[in-house]
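Per Swiss-Prot, substrate binding site is recorded for 89, 90, 91, 92, 93, 136, 137, 138, 314, 315, 316, 317, 318. Annotated NAD(+) binding site per Swiss-Prot: 205, 206, 207, 238, in sequence order, evidence recorded as similarity to another entry.
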(Lines of atoms letter the chains of each structure in order from A; the text may use other names.)
(Lines give C-alpha, C1' and ligand atoms only; values in the text may rest on other atoms or scores of the structure.)
Protein backbone atom coordinates (compact mmCIF):
# COMPACT_ATOMS: atom_id res chain seq x y z
CA UNK A 1 0.00 0.00 0.00
CA UNK A 2 2.85 2.39 0.81
CA UNK A 3 4.27 1.90 -2.69
CA UNK A 4 0.88 2.52 -4.28
CA UNK A 5 0.33 5.66 -2.20
CA UNK A 6 3.74 6.97 -3.15
CA UNK A 7 2.99 6.30 -6.82
CA UNK A 8 -0.32 8.15 -6.63
CA UNK A 9 1.40 11.05 -4.91
CA UNK A 10 3.96 11.28 -7.69
CA UNK A 11 1.20 11.13 -10.31
CA UNK A 12 -0.72 13.94 -8.63
CA UNK A 13 2.44 16.00 -8.55
CA UNK A 14 3.10 15.35 -12.21
CA UNK A 15 -0.44 16.22 -13.24
CA UNK A 16 -0.37 19.35 -11.15
CA UNK A 17 3.03 20.73 -12.00
CA UNK A 18 4.33 18.94 -15.07
CA UNK A 19 7.71 17.22 -15.22
CA UNK A 20 10.49 18.61 -13.09
CA UNK A 21 13.24 20.52 -14.83
CA UNK A 22 16.34 22.43 -13.89
CA UNK A 23 15.65 26.01 -12.76
CA UNK A 24 16.40 28.69 -15.29
CA UNK A 25 16.03 26.57 -18.44
CA UNK A 26 13.29 28.77 -19.90
CA UNK A 27 15.06 31.96 -18.82
CA UNK A 28 18.27 30.93 -20.59
CA UNK A 29 16.27 30.07 -23.71
CA UNK A 30 14.63 33.51 -23.69
CA UNK A 31 18.00 35.23 -23.61
CA UNK A 32 19.36 33.01 -26.35
CA UNK A 33 16.59 33.33 -28.92
CA UNK A 34 14.23 36.10 -27.88
CA UNK A 35 14.00 39.79 -27.25
CA UNK A 36 11.55 42.13 -25.57
CA UNK A 37 11.88 45.89 -25.48
CA UNK A 38 9.59 46.22 -22.46
CA UNK A 39 8.90 43.85 -19.62
CA UNK A 40 5.14 43.76 -20.15
CA UNK A 41 5.52 42.73 -23.79
CA UNK A 42 6.08 39.23 -25.09
CA UNK A 43 9.48 37.73 -25.64
CA UNK A 44 9.83 37.68 -29.42
CA UNK A 45 11.29 34.30 -30.36
CA UNK A 46 13.73 34.73 -33.21
CA UNK A 47 13.39 31.74 -35.49
CA UNK A 48 16.27 33.20 -37.48
CA UNK A 49 18.67 32.98 -34.53
CA UNK A 50 17.38 29.58 -33.44
CA UNK A 51 17.81 28.25 -36.99
CA UNK A 52 21.40 29.51 -37.05
CA UNK A 53 22.17 27.39 -34.00
CA UNK A 54 20.53 24.32 -35.55
CA UNK A 55 22.50 24.83 -38.77
CA UNK A 56 25.73 24.96 -36.76
CA UNK A 57 24.74 21.68 -35.10
CA UNK A 58 23.90 20.16 -38.50
CA UNK A 59 27.20 21.29 -39.99
CA UNK A 60 29.02 19.52 -37.18
CA UNK A 61 26.81 16.48 -37.69
CA UNK A 62 27.59 16.35 -41.41
CA UNK A 63 31.33 16.69 -40.76
CA UNK A 64 31.22 13.87 -38.20
CA UNK A 65 29.27 11.70 -40.65
CA UNK A 66 31.83 12.29 -43.40
CA UNK A 67 34.73 11.65 -41.01
CA UNK A 68 33.41 8.12 -40.58
CA UNK A 69 33.85 7.54 -44.31
CA UNK A 70 30.20 7.98 -45.27
CA UNK A 71 28.77 9.57 -48.39
CA UNK A 72 27.90 13.28 -48.22
CA UNK A 73 24.14 13.83 -47.70
CA UNK A 74 22.41 14.70 -50.97
CA UNK A 75 19.06 16.46 -51.39
CA UNK A 76 17.16 16.28 -54.70
CA UNK A 77 14.48 18.95 -55.21
CA UNK A 78 11.80 18.76 -57.90
CA UNK A 79 10.30 22.12 -58.89
CA UNK A 80 7.33 22.35 -61.25
CA UNK A 81 6.24 25.53 -63.01
CA UNK A 82 7.24 29.16 -62.61
CA UNK A 83 5.60 30.20 -59.33
CA UNK A 84 7.89 33.00 -58.03
CA UNK A 85 7.31 32.10 -54.38
CA UNK A 86 8.21 28.45 -55.01
CA UNK A 87 11.41 29.46 -56.79
CA UNK A 88 12.35 31.70 -53.85
CA UNK A 89 11.69 28.95 -51.32
CA UNK A 90 13.78 26.48 -53.31
CA UNK A 91 16.70 28.91 -53.64
CA UNK A 92 16.66 29.41 -49.87
CA UNK A 93 16.68 25.65 -49.28
CA UNK A 94 19.58 25.07 -51.67
CA UNK A 95 21.58 27.90 -50.11
CA UNK A 96 20.94 26.61 -46.59
CA UNK A 97 21.84 23.04 -47.59
CA UNK A 98 25.16 24.16 -49.03
CA UNK A 99 25.96 26.11 -45.84
CA UNK A 100 25.77 22.97 -43.68
CA UNK A 101 27.61 20.72 -46.14
CA UNK A 102 24.65 19.01 -47.80
CA UNK A 103 24.90 18.82 -51.58
CA UNK A 104 21.76 19.35 -53.62
CA UNK A 105 20.38 19.24 -57.12
CA UNK A 106 17.40 21.01 -58.63
CA UNK A 107 15.19 19.31 -61.22
CA UNK A 108 12.93 21.87 -62.91
CA UNK A 109 9.92 20.84 -64.99
CA UNK A 110 7.34 22.95 -66.86
CA UNK A 111 3.88 23.40 -65.38
CA UNK A 112 2.36 21.10 -68.01
CA UNK A 113 4.52 18.14 -66.97
CA UNK A 114 2.51 14.94 -66.66
CA UNK A 115 1.94 13.12 -63.41
CA UNK A 116 3.47 10.02 -64.97
CA UNK A 117 6.72 11.86 -65.74
CA UNK A 118 6.96 13.13 -62.18
CA UNK A 119 6.45 9.61 -60.85
CA UNK A 120 9.17 8.35 -63.20
CA UNK A 121 11.53 10.98 -61.76
CA UNK A 122 10.76 10.03 -58.17
CA UNK A 123 11.25 6.34 -59.05
CA UNK A 124 14.70 7.09 -60.45
CA UNK A 125 15.66 9.14 -57.40
CA UNK A 126 14.34 6.44 -55.07
CA UNK A 127 16.74 3.94 -56.64
CA UNK A 128 19.72 6.31 -56.82
CA UNK A 129 22.12 5.41 -53.96
CA UNK A 130 23.71 8.87 -53.95
CA UNK A 131 20.35 10.54 -53.13
CA UNK A 132 19.61 10.81 -49.40
CA UNK A 133 16.46 12.91 -49.54
CA UNK A 134 13.80 13.89 -52.07
CA UNK A 135 11.58 16.96 -51.93
CA UNK A 136 8.81 17.97 -54.32
CA UNK A 137 8.12 21.69 -53.93
CA UNK A 138 4.42 22.30 -53.38
CA UNK A 139 1.97 23.39 -54.64
CA UNK A 140 1.77 21.39 -57.85
CA UNK A 141 -0.41 22.21 -60.88
CA UNK A 142 -4.08 21.23 -60.62
CA UNK A 143 -3.75 18.29 -63.04
CA UNK A 144 -1.20 16.61 -60.73
CA UNK A 145 -2.39 14.88 -57.57
CA UNK A 146 -0.07 15.98 -54.76
CA UNK A 147 -0.88 12.99 -52.57
CA UNK A 148 0.03 10.55 -55.37
CA UNK A 149 3.37 12.29 -55.95
CA UNK A 150 4.20 12.48 -52.24
CA UNK A 151 3.42 8.78 -51.86
CA UNK A 152 5.67 8.07 -54.85
CA UNK A 153 8.71 9.07 -52.81
CA UNK A 154 10.36 6.30 -50.78
CA UNK A 155 9.39 6.89 -47.11
CA UNK A 156 13.02 6.75 -45.99
CA UNK A 157 13.89 9.56 -48.46
CA UNK A 158 10.76 11.63 -47.85
CA UNK A 159 12.37 14.63 -46.12
CA UNK A 160 9.10 16.59 -46.24
CA UNK A 161 7.49 13.84 -44.14
CA UNK A 162 4.35 13.77 -46.30
CA UNK A 163 4.36 10.08 -47.33
CA UNK A 164 1.39 8.18 -45.95
CA UNK A 165 3.74 5.86 -44.02
CA UNK A 166 5.53 8.77 -42.35
CA UNK A 167 2.21 10.39 -41.42
CA UNK A 168 0.93 7.04 -40.13
CA UNK A 169 4.02 6.48 -37.99
CA UNK A 170 3.69 10.01 -36.64
CA UNK A 171 0.12 9.24 -35.58
CA UNK A 172 1.32 6.04 -33.86
CA UNK A 173 4.05 7.93 -31.92
CA UNK A 174 6.74 6.03 -33.81
CA UNK A 175 9.98 7.43 -35.20
CA UNK A 176 9.52 8.92 -38.66
CA UNK A 177 10.57 11.81 -40.84
CA UNK A 178 8.29 14.52 -39.42
CA UNK A 179 6.82 17.27 -41.66
CA UNK A 180 9.30 20.13 -41.45
CA UNK A 181 6.91 22.91 -40.40
CA UNK A 182 5.38 20.81 -37.62
CA UNK A 183 8.86 19.81 -36.52
CA UNK A 184 9.87 23.50 -36.55
CA UNK A 185 7.00 24.46 -34.24
CA UNK A 186 7.82 21.61 -31.85
CA UNK A 187 11.51 22.52 -31.85
CA UNK A 188 10.73 26.18 -31.10
CA UNK A 189 8.60 25.15 -28.14
CA UNK A 190 11.28 22.83 -26.77
CA UNK A 191 14.24 25.15 -27.26
CA UNK A 192 12.39 28.12 -25.75
CA UNK A 193 11.63 26.03 -22.66
CA UNK A 194 7.85 26.38 -23.04
CA UNK A 195 5.94 23.84 -20.94
CA UNK A 196 3.34 21.71 -22.76
CA UNK A 197 2.53 19.00 -20.21
CA UNK A 198 -1.17 19.24 -19.34
CA UNK A 199 -1.51 22.63 -21.04
CA UNK A 200 -4.44 23.76 -23.18
CA UNK A 201 -3.37 24.25 -26.79
CA UNK A 202 -5.34 25.54 -29.76
CA UNK A 203 -4.16 24.73 -33.28
CA UNK A 204 -5.96 26.91 -35.83
CA UNK A 205 -5.64 25.05 -39.11
CA UNK A 206 -6.12 21.38 -39.98
CA UNK A 207 -4.05 20.88 -43.13
CA UNK A 208 -2.59 17.41 -43.43
CA UNK A 209 0.91 18.84 -43.91
CA UNK A 210 0.95 21.45 -41.12
CA UNK A 211 -1.97 21.77 -38.70
CA UNK A 212 -2.70 18.09 -38.12
CA UNK A 213 0.96 17.03 -37.65
CA UNK A 214 1.44 19.90 -35.17
CA UNK A 215 -1.58 18.71 -33.19
CA UNK A 216 -0.29 15.13 -33.24
CA UNK A 217 3.11 16.15 -31.87
CA UNK A 218 1.62 18.22 -29.07
CA UNK A 219 -1.07 15.90 -27.76
CA UNK A 220 0.72 12.54 -27.83
CA UNK A 221 2.39 10.78 -24.91
CA UNK A 222 5.74 12.13 -23.80
CA UNK A 223 6.92 8.64 -22.84
CA UNK A 224 6.29 6.91 -26.17
CA UNK A 225 8.88 5.92 -28.78
CA UNK A 226 8.54 9.36 -30.37
CA UNK A 227 7.79 11.61 -27.36
CA UNK A 228 4.98 14.13 -27.67
CA UNK A 229 3.88 17.14 -25.65
CA UNK A 230 1.16 15.63 -23.42
CA UNK A 231 -1.01 18.70 -24.06
CA UNK A 232 -4.79 18.93 -24.40
CA UNK A 233 -5.24 20.05 -28.00
CA UNK A 234 -8.22 21.69 -29.70
CA UNK A 235 -8.16 21.90 -33.50
CA UNK A 236 -10.04 24.72 -35.21
CA UNK A 237 -10.51 25.28 -38.93
CA UNK A 238 -12.20 27.54 -41.46
CA UNK A 239 -15.67 26.33 -40.49
CA UNK A 240 -15.16 27.03 -36.78
CA UNK A 241 -17.34 30.07 -35.90
CA UNK A 242 -15.20 33.00 -34.82
CA UNK A 243 -16.87 33.29 -31.40
CA UNK A 244 -16.26 29.59 -30.79
CA UNK A 245 -12.62 29.99 -31.83
CA UNK A 246 -12.34 32.95 -29.46
CA UNK A 247 -13.80 30.92 -26.59
CA UNK A 248 -11.13 28.25 -27.11
CA UNK A 249 -8.18 30.61 -27.60
CA UNK A 250 -9.04 32.60 -24.47
CA UNK A 251 -8.54 29.39 -22.47
CA UNK A 252 -5.36 28.33 -24.25
CA UNK A 253 -1.88 28.63 -22.80
CA UNK A 254 -0.46 27.99 -26.28
CA UNK A 255 -1.99 29.14 -29.59
CA UNK A 256 -0.56 27.91 -32.89
CA UNK A 257 -2.01 29.56 -35.97
CA UNK A 258 -1.66 27.99 -39.41
CA UNK A 259 -4.86 29.05 -41.16
CA UNK A 260 -3.58 31.40 -43.86
CA UNK A 261 -5.91 34.23 -42.76
CA UNK A 262 -4.24 37.59 -42.03
CA UNK A 263 -5.24 39.06 -38.66
CA UNK A 264 -7.20 35.97 -37.61
CA UNK A 265 -5.95 36.11 -34.02
CA UNK A 266 -6.50 39.46 -32.32
CA UNK A 267 -5.55 40.65 -28.84
CA UNK A 268 -9.02 40.11 -27.37
CA UNK A 269 -8.75 36.41 -28.27
CA UNK A 270 -5.54 35.83 -26.28
CA UNK A 271 -5.20 35.34 -22.53
CA UNK A 272 -2.50 37.16 -20.60
CA UNK A 273 0.79 35.27 -20.71
CA UNK A 274 -0.08 32.89 -23.54
CA UNK A 275 2.45 31.61 -26.07
CA UNK A 276 1.50 32.47 -29.67
CA UNK A 277 3.23 30.76 -32.59
CA UNK A 278 2.36 32.18 -36.00
CA UNK A 279 2.79 29.80 -38.94
CA UNK A 280 0.78 31.93 -41.38
CA UNK A 281 2.25 33.11 -44.67
CA UNK A 282 0.19 35.85 -46.32
CA UNK A 283 1.12 38.52 -48.83
CA UNK A 284 -0.90 41.71 -48.36
CA UNK A 285 -0.67 45.27 -49.59
CA UNK A 286 0.79 47.76 -47.13
CA UNK A 287 -1.81 50.56 -46.79
CA UNK A 288 0.93 53.15 -46.26
CA UNK A 289 3.49 52.26 -48.92
CA UNK A 290 1.25 50.36 -51.31
CA UNK A 291 3.89 47.65 -51.53
CA UNK A 292 3.31 43.95 -50.94
CA UNK A 293 4.50 42.68 -47.58
CA UNK A 294 4.60 39.35 -45.76
CA UNK A 295 2.43 38.93 -42.66
CA UNK A 296 1.21 36.05 -40.54
CA UNK A 297 -2.19 35.12 -39.14
CA UNK A 298 -1.75 37.09 -35.91
CA UNK A 299 -2.23 40.80 -35.17
CA UNK A 300 1.38 40.90 -34.03
CA UNK A 301 1.65 44.42 -32.60
CA UNK A 302 -1.46 44.07 -30.45
CA UNK A 303 -1.01 40.45 -29.37
CA UNK A 304 2.62 40.88 -28.28
CA UNK A 305 1.38 43.20 -25.52
CA UNK A 306 -0.51 40.31 -23.90
CA UNK A 307 1.48 37.19 -24.75
CA UNK A 308 4.53 35.85 -22.92
CA UNK A 309 6.12 34.44 -26.09
CA UNK A 310 5.38 35.22 -29.73
CA UNK A 311 6.99 34.39 -33.07
CA UNK A 312 7.21 37.05 -35.77
CA UNK A 313 6.46 36.79 -39.49
CA UNK A 314 8.86 36.88 -41.20
CA UNK A 315 11.73 35.57 -39.09
CA UNK A 316 9.86 33.05 -36.96
CA UNK A 317 8.71 29.61 -38.06
CA UNK A 318 9.93 30.04 -41.66
CA UNK A 319 13.70 29.84 -41.05
CA UNK A 320 13.14 27.00 -38.60
CA UNK A 321 11.19 25.02 -41.22
CA UNK A 322 14.18 25.12 -43.57
CA UNK A 323 16.50 24.07 -40.73
CA UNK A 324 14.31 21.09 -39.84
CA UNK A 325 14.16 20.06 -43.50
CA UNK A 326 17.96 19.90 -43.49
CA UNK A 327 17.86 17.92 -40.26
CA UNK A 328 15.53 15.42 -41.97
CA UNK A 329 18.00 15.17 -44.85
CA UNK A 330 20.83 14.25 -42.49
CA UNK A 331 18.58 11.72 -40.73
CA UNK A 332 17.67 10.22 -44.11
CA UNK A 333 21.35 9.97 -45.05
CA UNK A 334 22.05 8.09 -41.83
CA UNK A 335 18.97 5.92 -42.45
CA UNK A 336 18.28 5.68 -38.71
CA UNK A 337 14.66 6.82 -38.64
CA UNK A 338 13.14 3.36 -39.11
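Placement of Cβ uses the backbone N, Cα and C atoms for every residue, glycine included.
Long-range Cβ contacts of residue 205 (NAD(+) binding site) within its own chain (separation 6+, distance under 8 Å): 211, 236, 237, 256, 257, 258, 259, 260, 279. Look at the binding-site residues 314, 316, 318 and count other Cβ atoms within 10 Å of each Cβ; 314 has the fewest.
DSSP assigns residue 137 (substrate binding site) to coil, not to a helix or a strand. Nearest in space to residue 137 (substrate binding site), taking C-alpha to C-alpha distance over the binding-site residues 206, 207, 238, is 207. For residue 238 (NAD(+) binding site), other Cβ atoms within 10 Å of its Cβ number 11.
When secondary structure is read from DSSP and collapsed to three states, residue 93 (substrate binding site) falls in the helix class. Considering only the binding-site residues 206, 207, 238, residue 89 (substrate binding site) has 207 as its nearest partner by CA-CA distance.
When the binding-site residues 91, 93, 206 are scored by other C-beta atoms within 10 Å, 93 scores highest.
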